[in-house]
Amino acid sequence: MSQFILHKENTRGHANHGWLNAHHSFSFANYYNPERMHFGVLRVLNDDLIDGGMGFGTHPHDNMEIITIPLAGAIAHKDSMGNSAVIKSGEIQVMSAGTGVSHSEFNALPDEKLSLLQIWLFPNKKNVTPRYDQLALDLDARRNNFQQILSPDQDDAGVWIHQDAWFSLGKFDEGFETEYKIKKGGNGVYAFVISGEVTINGQTLSKRDGLGIWDTNSISFKANAANAEVLLMDVPMEF
Amino acid sequence: MQTTILYIGRDAEITIVMNRLLNARPEWKGICVCTDEEAVSILEAQNVDLVLLGNGIDVECEKALRSNINALKPGVKIIQHYGGGSGLLYGEIMTALS
């Protein structure tokens, strides 16, 4: 029998720092809710809106798989591995922090807001050599399809990480229905609605709602609005 | 009353950041070290309420560290600190102390 947990948009943690308007699906920084610590290995899902030219100065990370998906605008990234890059909407960035890495992230555009999702997963191996990657995604491939954008396999579609996790993005026509099969036994799926309204396993979800489902092999999906966009995070529940 | 928290991690830069973060809260006293020898000296010399294991500690060192901590301070909580900064720190400590 499948189990689920529903996180409505307005129940997320919220921190407005002026230049940064952040919503946290799970406990982060000063937002602490013991009921919202993680979904399996998914530890952080931050929905950030950043003013033009503003951002996070150089700061360290370790032992975390960090995935950034810009929804609108572009991020300027610099790190201690020597990477200097701009990641635009339609691309995905991944960083395995491993033994330790420092980086900065700024809105690359001076006059436009940057909207991004930043996702942290616990790694399946500690103290790996830090690594960085980014990838431009084929936006057409996600029309009425869950397009795989991340996996544990270097040779599979999307970027890869040190965890048995698969991420997929889809953008759907109103009324489109499909089924998503969970990639690995013991994994669950956390669905996050980027825009529009959808129904997953009988639960109606609106923009920025999250639904975690586990103890099942698949989930049913229906788009209730045109251009509904959803991110699925298929992650181990035990770690 | 302050909670004394010992952080052990191999990256000196992260250790400096952790020292700043832990000591920014009046209810916490942070002591941050990079070596196991320093950690043992601290444990021998003073009270510690919580130990955070940071980055770069290999499996064998972690095993020895846990054994030393348990011998010197029986019952003290030992947790893994993930992320290397402020994002998860408060939640990790609150959960460990609750």
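Each residue, glycine too, has its Cβ placed from N, Cα and C.
Because TrEMBL annotations are produced automatically, they should be read as predictions rather than curated entries.
Some features that TrEMBL has for this protein:
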type    : residues                     : note
BINDING : A:H59, A:H61, A:H103, A:E105 : Fe cation binding site
DOMAIN  : A:12-121                     : domain 'Pirin N-terminal'
DOMAIN  : A:149-235                    : domain 'Quercetin 2,3-dioxygenase C-terminal cupin'
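Look at the binding-site residues A:H59, A:H103 and count other Cβ atoms within 10 Å of each Cβ; A:H59 has the fewest. Listed binding-site residues (A:H59, A:H61, A:H103, A:E105) with a CB under 8 Å from any chain B CB: A:H59, A:H61. For the domain 'Pirin N-terminal' (A:12-121), the DSSP-based tally of helix, strand and coil residues reads 0 helix, 68 strand, 42 coil. Over the domain 'Pirin N-terminal' (A:12-121), the average per-residue pLDDT in this prediction is 97.
The residues of the domain 'Quercetin 2,3-dioxygenase C-terminal cupin' (A:149-235), classed with DSSP into helix (H, G, I), strand (E, B) and coil, number 0 helix, 51 strand, 36 coil. Counted within 10 Å of its Cβ, the other Cβ atoms near A:H61 (Fe cation binding site) come to 25, all protein chains included.
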